[in-house]
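Asks: Take this structure first; my questions come after.
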Amino acid sequence: MDVLDSTFASTMDYTKGPNDVKNSNNLVIGVLLAISSSILIGSSFIIKKKGLLRVSRGGDSSSRAGSGGYGYLKDWVWWAGFITMGTGELANFIAYAFAPASLVTPLGALSVLFAAILASYLLNENLNICGKIGCFVAILGSTMIVIHAPAEAEVDSFEVLTKMLASPGFIVYVCIVVLMFGILVFILAPRYGRKNMIIYITTCSVVGSLTVMACKGVGIGIKQTIGGQSQLGNWVFWLLALSVVFCIVIQMNYLNKALDIFNTAVVTPVYYVLFTTCTIVASAILFKEWASLGAKDAVGSVCGFLTIIVGVFLLHAFKDLKLSYKHLPSAIKKDDRRLPNGEGEKMIDDWDGNLISNSNSGDGDAEF
């Protein structure tokens, strides 16, 4: 039975048996927590962006996050956004205790839509029709991956998790993340960090996947400790706890750089897509879930990745194009008009109905 069928089956179970009312209430609580989490996280991007803008208007360019500064740590608006994000992440974590992960995770896509809407109204940032389509396409792709991803293996003890963390597959993944981090931070970021937001966002995403794995480990350790089997003397528990703090600091640092330099309406969905993808991959490797993946789910996962690529391309390639819904009729009806001089020069209507000369002479690299 695949994950989607399992989700439907679990949903049906909420309407049967002696605990049907309790389970139904749990599902409602989980959904409400997930939606609240999305609203809080989406709002946090805008609030933190406001704080970064306040710092940039202070006049000291060296204190900006995009320049490697940490002036935002002195701004109360940025801290309000940080606390809002932390509250949203906490709500999302609790939601997993009440509702299936296959239901909670896709609802995180609402944070992308909420942030994009707020950015267009509160930050006056442009999100054209291509960006909006790309946003929805990328979210659909991420949702497809979540739906078709294999179910997470049950881990009831910290000892079992420790063995999983020491597995060759996960060690290789951690080494790949460390290698990518080194290349991104020390080679690519100094050259292309201010020109291409993928550098900073990829750094946040790959490190964030380790953050989630470490958080799950800490959660299992705390659960066992509360149950009477203390893990406070286990060095692996504290290593995971320190990893959570270290990885979160790195995530926030490079996410702030991306928000300070690039359009929030574009940063938010791309970050969601890459972070969700990296987290699913890390979780699958750690819990060795792909061995039981059926052909239908494998195809669905591949299609999800391809859909994400298309969505990110639409967001990234056309983000500077001034194109909205009102321009579509003129674009559809637009016709080519040649000048009577017969020199091969044609006139093209721009979006406002004006004629623009586009000469065929030259190197042919006209930019539209």
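Glycine residues also receive a Cβ, built from the backbone N, Cα and C atoms like all the rest.
So TrEMBL lists the following for this protein:
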| type | residues | note |
| --- | --- | --- |
| REGION | 344-368 | region 'Disordered' |
| TRANSMEM | 27-47 | transmembrane segment |
| TRANSMEM | 76-98 | transmembrane segment |
| TRANSMEM | 104-123 | transmembrane segment |
| TRANSMEM | 130-150 | transmembrane segment |
| TRANSMEM | 170-190 | transmembrane segment |
| TRANSMEM | 235-254 | transmembrane segment |
| TRANSMEM | 266-287 | transmembrane segment |
| TRANSMEM | 299-318 | transmembrane segment |
Asks: Please work out which recorded stretch in 27-47, 104-123, 170-190, 235-254, 266-287 has the most C-beta pairs separated by under 8 angstroms from the transmembrane segment (76-98)?
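Replies: Checked against 27-47, 104-123, 170-190, 235-254, 266-287; highest Cβ contact count belongs to 27-47.
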Asks: Is the transmembrane segment (266-287) packed against any residues at least 6 beyond its ends, judged by a Cβ distance under 8 Å, and which are they?
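Replies: Non-local partners: 42, 45, 105, 108-109, 111-112, 115-116, 119, 127, 131, 134-135, 138-139, 141-142, 145-146, 149-150, 152-153, 155, 164-165, 167, 169-170, 173, 197-198, 201-202, 204-206, 208-210, 212-213, 255, 258-259, 305, 308, 311-312, 315-316, 319.
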Asks: Within the same chain, where does the transmembrane segment (104-123) have neighbours whose Cβ lies under 8 angstroms from its own Cβ atoms, ignoring anything closer than 6 residues to its ends? I mean 6 or more beyond.
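Replies: Same-chain residues near the transmembrane segment (104-123) but 6 or more away: 30-31, 34-35, 37-39, 41-43, 45-46, 49-50, 53, 88, 92, 95-96, 131-132, 135, 138-139, 142-143, 146-147, 263-265, 268-269, 272, 276.
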